[in-house]
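Read through the structure below, which is laid out as structure tokens, and then see the notes.
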Amino acid sequence: MSSGGLLLLLGLLTLWEVLTPVSSKDRPNFCHLPHDTGPCKRNTQAFYYNPVYHTCLKFIYSGCEGNANNFKTIDECKRTCAT
């Protein structure tokens, strides 16, 4: 392979690395849990990480139980699971 071809390959690999989302193995395991509204009656807005869409989404939380994939703010969700 010529040096020009190697440089092109190196550039493409670098671009791929920058544009590829963070690997799921770098996230806490609870980020992969489905959102869980819980059994109570207090409907409040919360956020959860959706691993299919690689983003944090809003859901209605009942105020008790549920699971750890439950954040009060979208920023907290992003800091924990989306980075």
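Cβ from N, Cα, C; glycine included.
Under the heading disulfide bond, Swiss-Prot lists C31-C81 (among others), citing sequence analysis as support. Less than 8 angstroms from the CB of C81 (disulfide bond) sit R27, P28, C31, Y49, C56, N69, each of them six or more residues away in the same chain.
Taking the Cβ of C40 (disulfide bond) as reference, residues of its chain lying under 8 Å away and at least six apart in sequence are, in sequence order, S62, G63, C64, E65. The disulfide bond annotation in Swiss-Prot covers C40-C64 (among others).
Taken from Swiss-Prot, the feature disulfide bond applies to C56-C77 (among others), supported by sequence analysis. Annotation for C77 (disulfide bond): same-chain Cβ neighbours under 8 Å, separated by at least 6 residues, are F47, Y48, Y49, C56, F71.
The domain 'BPTI/Kunitz inhibitor' annotation in Swiss-Prot covers 31-81 and is backed by sequence analysis. Mean pLDDT across the domain 'BPTI/Kunitz inhibitor' (31-81) comes to 97 in this model.
Summarising the annotation, Swiss-Prot assigns signal peptide to 1-24.
In the three-state DSSP scheme, C77 (disulfide bond) is classed as helix. The DSSP secondary structure for C31 (disulfide bond) is helix. Ranking the disulfide-bonded residues C31, C56, C64 by how many Cβ atoms sit within 10 Å of each one's Cβ puts C56 at the top.
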